[in-house]
Structure formats: C-alpha cells, structure tokens
Amino acid sequence: MALSLHRLDSLLVIWNLVTVGTTDEDGRCPGLITTKAFTPGMYKMRFETGQYWESLGHNSFYPYVEIVFTITNPNERFHLPLLLSRFSYSTYRGS
Amino acid sequence: MSTSRLQHIKDHLLGEYTCAEMAAPYSPLTTHVLNTGMGVPGAHMALSLHRMDPSTSLWNLLTTGTTNDDGRCPGLITRETFTPAVYKMRFETGQYWESLGETSFYPYVEIVFTITDHSQKFHVPLLCSRFSYTTYRGS
C-alpha cells in the first residue's frame with residue numbers, strides 16, 4: 001500500500017511532503033523518518049487505501065485515509081498502525 | 001448589524017448551513033461520536049461536512065454543527081444536496097479533549113468517503129479516545 005508522511009509548515013500553513021513509501025509484505029514501512037528530521041510539530045500519514053482495495057478488485061468506502069497527529073516530544077517512539085477493511089478503519093498511538 | 005448576523009447572511013449566501021438550521025426530518029447522512037476513553041457520548045464536539053468539487057479539487061463547506069448531548073448531529077444534509085461525490089467529515093477532536101482538560105494525540109479527525117448511491121442511508125460514526133479512533137460505514 002502506498003503511503004506518505006507530511007509535516008505541517010506552521011508558518012505557511014501548508015503540508016510539506018517528508019517521505020513516500022509502500023508497505024512491505026508484512027504491511028510495514030521501515031525508514032519513514034530519521035531522528036534528526038523528526039522535529040516537534042503536526043504530521044500527517046496518508047494511506048492510499050482506495051488504490052489498495054482497487055488492486056485487489058474491490059471498491060471501498062474511503063478513497064484514502066489521512067491521520068493527523070501532534071508530536072511534542074520527538075525523543076519518544078511513535079507507532080501509527082492502520083487496521084483497515086473496505087468499510088471501516090482504526091488507528092491508535094503505539095510506541 | 002452584528003457580526004453574528006453578518007456571518008449568518010454570509011453562510012447562507014455561500015450555501016453553508018448549521019445542523020440546527022437544517023432541522024431536516026431526517027438526513028441521509030448521520031454521525032455519532034462516542035468517547036470510548038471515558039465511556040460517554042462525545043457531546044458538544046464541533047464538526048463540519050465538506051464536499052469535494054471534482055473540477056477544482058477543492059473542498060466546499062456544506063454544514064457546520066456541534067454534537068448534542070447524545071453525541072449526534074441531526075440535519076447534516078438534505079436528500080437533494082446529497083449528490084454522488086467525495087465527502088469529508090471533520091471532527092474537532094483536539095478542541096473537544098482540550099475542553100475536558102486533556103491533551104490528545106490527534107488535533108482533529110477527518111474522514112473522507114465516497115458516495116456513489118445517494119439513495120442509501122449512510123452512518124459515519126467516530127469512536128474516539130485521546131490516543132485512538134475508529135470509524136465504520138453504518139446505515
């Protein structure tokens with residue numbers, strides 16, 4: 001599944017693309033961001049779920065999923081899973 | 001003229017409505033916010049409904065509202081306005097948790113969904129806590 005990570009430029013109030021990637025066979029995407037680039041701010045993970053379901057020959061209620069989250073302490077580890085079906089999704093803050 | 005009256009006129013000119021003004025007998029699109037972190041309805045949460053303009057790829061604001069004591073917001077849209085398109089429900093979850101004196105991982109939640117058959121009923125609930133959320137397509 002194609003995905004991308006964005007950071008909000010708080011001055012210009014626009015999203016800057018940080019990383020694009022595709023999940024591996026385990027549904028993971030290592031190397032999303034470096035510790036150095038991971039500054040406090042508002043981020044957005046965008047998952048191309050519509051494309052994903054289409055590639056499996058299905059339609060879906062959601063053309064894509066965007067999860068916007070706030071990082072105040074970038075020294076912590078953050079895990080942003082997406083549990084997904086054609087008609088529902090869930091996310092939670094993991095570590 | 002008061003600023004709120006000016007805003008009211010502006011909203012009507014731009015085709016924006018609040019849930020209270022709509023007072024539709026029923027809306028083909030409904031929502032329900034649940035605060036799973038505390039086991040209560042997500043009451044008094046601000047939200048808005050938007051429709052994507054396919055020619056400009058811009059979001060047009062359709063309705064603003066606030067959930068009631070039961071976490072619901074009746075009158076989101078009328079059958080006539082509910083045309084096939086891509087829609088977005090935005091929930092002001094960050095403000096909501098802040099009003100309860102809590103922080104939250106998500107400043108807001110936006111759920112984007114596609115409506116192809118607008119004769120059906122669609123229920124787009126949000127089950128949320130400070131550190132997680134879930135949605136599903138209901139009816």
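Cβ coordinates come from backbone N, Cα and C, glycine included.
For reference, TrEMBL has these:
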type    : residues                   : note
BINDING : B:His32, B:Arg72, B:Tyr136 : substrate binding site
DOMAIN  : B:24-138                   : domain 'Transthyretin/hydroxyisourate hydrolase'
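Known features from TrEMBL, placed on the structure.
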residue  : record                 : CB count, 10 Å
B:His32  : substrate binding site : 17
B:Arg72  : substrate binding site : 18
B:Tyr136 : substrate binding site : 15
Hey, which of our binding-site residues B:His32, B:Arg72, B:Tyr136 end up with a Cβ under 8 Å from chain A?
B:Tyr136
Taking the mean position of the Cβ atoms of B:His32, B:Arg72, B:Tyr136 as the substrate site, which residues outside that list, in the same chain, have a Cβ no more than 8 Å away, listed in sequence order?
B:Thr30, B:Thr31, B:Val33, B:Leu34, B:Gly71, B:His123, B:Val124, B:Pro125, B:Leu126, B:Gly138
What is the biggest Cα to Cα gap, in Å, among B:His32, B:Arg72, B:Tyr136, the residues listed as binding substrate?
15
Going by DSSP, is B:Tyr136 (substrate binding site) part of a helix, a strand, or coil?
strand
